[in-house]
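The next block holds one structure in the form of structure tokens; read it before the comments.
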Amino acid sequence: MKDLLKSSRTFTRFIFSKIKVIYTLLLLSVPLKPVFIKQPGSIVFPLHPNDPSREVTFSCEAQGYPPPSYRWKMNDTFISPWPGSRYRFSGGNLHISQLSKEEDVGIYQCLSSNSFGTILSREASLHIAYLEDFKTQRRSPVRVREGQGVVLLCGPPPHMGELTFTWIFNEYPSFVKQDNRRFVSQKTGNLYIAKVEPSDVGNYTCVVTNLVTKSRVQGPPTLLVLRSDGIMGEYEPKIEVQFPEALSVAKGLTVKLECFALGNPVPAISWRRVDGAPFPRKVDVSRASSVLEIPYFQQEDAGQYECVAENSRGRNMVKGKLSFYAPPHLLERPQDTQKAIDDSLVWECKASGKPKPSYKWLKNGDPLEAFEDRMQVVNGALSISSLTLSDTGMYQCVAENRYGRVFANAELKVNAVAPDFSDSVLKAQTLARQGGDVLIECRPRMSPRGMISWRKGKEALREISVLDNGSLRISNITKLDAGLYTCVARNQFGVASSAGTLVVKEPTIITTKAAQLDVTVGESIVLPCQVSRDPSLDVRFTWFFNEQLISFGSQGGYFEKVGGRFAGDIMIRNIQLIHAGRYTCAVQTNVDSASVATDVIVRGAPGPPLDIQVDHITETTAFVSWSPGPDNHSPISNYAVQARTPFSLGWQAVRTVPEILGRNQLAARVTDLSPWVEYEFRVLATNAIGTGEPQQTFTKDPITPARVGGGGGSRSELVITWEPVPEELQSGPGFGYVVAFRPHGAQSWMQAAVTSPDASRYIFKNESILPFSPFYVKVGVYNNRGEGPFGPVTTIYSAEEEPSRAPNKVRAKSLSASEVEISWKPLPWSTSKRRIVGYELSYWAKGQKQDTANVMRTVGNRTVEIIRGLEPSSTYYIILRAYNSAGAGPDSSVVNVTTKRPRKYSKDRKNEQSMGRFSGLLVNNDQGEPRALHSHDTSTQTPQGGPLALPSPALSNKKDQLSTINDLNAGADLRPR
């Protein structure tokens, strides 16, 4: 048996796997345009002199059917590999071997084609990073006077890729330390000494490092010697390191401006914006003010910057303008479109960018020249009139500026098809009722749209209604309209037709007239529904009570079908007051439908009297009053008052004045009561059908909604909330809430009814409501018997506005390798319309985008917050904003902070010990400072190599304990180990 089950499961898996393969093959057989799923990316290849494997691969892959073919361009010239060439295609990928920096550097682009057309990938650049050796020639000594400024040239060798420069003083590893007197430019590599001192005499060697290839070369040493012909006198600053007069910076990049001057005394360097605007907190000035760094460059950072070099002999300055630019970014793309021949096409294509992008269009990879009057490109939009079959293909919108280029792909399919009914034949038979209307649809597939005509039998139809889509409408149908109808479609490519029969049926008529029936509670009645119909049609009967579908057999057994197959009569047994209302019989056939309504009035005993009140109480009398309740369609004849006490056996009749309480008597004095006895009264009403149910006096206060409050919401809104009243306390149907409110200082209340018993809030919106304004609010209840009392009055506030000011004096300080402290000057803490509830911090690491930032919030008027869980030796950008219930206010200036380096320790020697009621951990560290152990509110210091003892009272019989040891040395990572 087990073998049989195993064989069955194996066979089932085999069948499913075969089905999956067949399904996949079917999907792959559906014609599909080429769509890139992998496009080439730019490559910087590190070239090492002794590396034989100089090969790169550009990836390119597209899906489509038939399977796409691939071609490649380099600098707009097609690449044609031949046997033994350095170029090789593998699928859509391009492999280049034996790279040459003279021949292979350039712009590459992949083309993918199938029967639908050709598309171009994005452009990808290939750069080869390298660093050659310095020429081995010696450099002449540089002779200067003491106090004179000097520039030692580096003259880096031929290279490609980002470089960094350092200088060795005399011999390795003694490097030149940069300060306000010495500066190494990372633009030129030169070493600048503002004022030479005797200690500067020696050999200087420029060290160049390629950050891509990780290679490093040293130049020939340059000897710096002092001249013996005197000391250089004081002179004004001479700026030797300058930044460009005009520099374009891309959005989100980091820009570094260098400025350094020679002079005696040593000049001081300062920076400012020419427009006088202060630097945001993110701006960093380093290397004795010689480098101005602006991270995450934005539009507001653009402008003119000035570097000032100043000493006691004078001052000089240089200026440069930073411009913001952004490569194109697509905002609106063209969509795949099918058009008929001779139709017109308009494709929109829009992109953002700075400077504003220009547009061009490609068809199947080639530029689309608007050499015909029917083609036009305006602001990126392509329009083509009078489409032809030759316009079919793959189109690409190219948006470009000097900083980039983006592509948007779309397919245009121009159809030229003869009329075809294979997918939309006319219905073989269409049923219609005499006197009614009918629509016979005709939707052939054809392109372009041609002419559609109709005929009945062999005769053409002329005086008929043919809709714009070709369908035929016939109104006020007679028997003569029955017959065979043919739709004929034609265009310049052919003619086709499809036919169907129209069958005319007798109309369905309900012969039962609308009526009104009177019935008494407890009786049974029959509601008739008789029809005249076409005998060839099936008929269906459906009944509704007050527009709700009647479910026979599931509503207490009151309703029963008694009409048989061809009549819709129903019986209502033992009818009750709840059955009063409108009953609708709906009749439906395959051709038409009809309905008739019957109103049923149910007469019964009166409902309970309303609003019973007891007052004017004496030792032996009480005055009882009431309002008439529903008479249930039979006039009330008289009333009776009953009472009970804690000592009586149930309810008993009492004497009243007057003794007989007629239909119009709505009050009576109850007499012969016993003094000092608690009485409860009720009143009953009687009519010709019987005596109704009583209504008692209240025994406790009516319920009102609890927890009335509110506030918040959107601008110009007053949000009022409450706790819904439970259903068992709603005292009857039609329950709802009455919400009353008025501004502080106003006299009249505004009211609104909330009809849902489950509602818990009401929102009043009016443009005149001022932000964060106080309102008096109260909430009451009502039901079908009237309104109840209001609850107590409370004060709430309308929606407030988000804060309008940003926090200032935001500062960031690194505490450790994983924690930073943020402090700021608080905004005024007020109850005005722009109240402050707390502050929101956003922070993200250098190299990430701001929209990926982590967000944390403080509550209250705090001015310090610690961010934990950061990475060591990492730069973070931080912005701060105030918030309240309306949202967050404007951002503060961006500040940046770098976490400390993690402290390196030698391997610890750990030894766990058990010491009775104490548990300890012995930590021996060969070079660390004393550690501190933190466990909740317990901390202790231990000397190097000493034991750590933790008291564990009342835990000797408990489960294991978990302790965390954190290093409190500066730079230590404080995350638990």
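Cβ from N, Cα, C; glycine included.
TrEMBL does not curate its annotations; it predicts them automatically.
Residues or ranges marked as domain 'Ig-like' by TrEMBL: 34-127, 132-218, 237-323, 328-415, 419-503, 507-597. The domain 'Fibronectin type-III' feature in TrEMBL is assigned to 608-707, 806-902. Per TrEMBL, region 'Disordered' is recorded for 890-977. Residues or ranges marked as compositional bias 'Basic and acidic residues' by TrEMBL: 928-937.
Taking H, G and I as helix, E and B as strand and the rest as coil, DSSP gives the domain 'Ig-like' (507-597) the counts 3 helix, 40 strand, 48 coil. The stretches the domain 'Ig-like' (328-415) and the domain 'Fibronectin type-III' (806-902) are not in mutual contact, being linked by fewer than three Cβ pairs under 8 Å (pairs 6 or more apart in sequence).
Counting Cβ pairs under 8 Å to the domain 'Fibronectin type-III' (806-902), the top-ranked stretch among 34-127, 132-218, 237-323, 608-707 is 237-323. Within the domain 'Ig-like' (237-323), the DSSP-based counts of helix, strand and coil residues read 3 helix, 51 strand, 33 coil. For the domain 'Ig-like' (419-503), residue counts in helix, strand and coil come to 3 helix, 45 strand, 37 coil, using DSSP.
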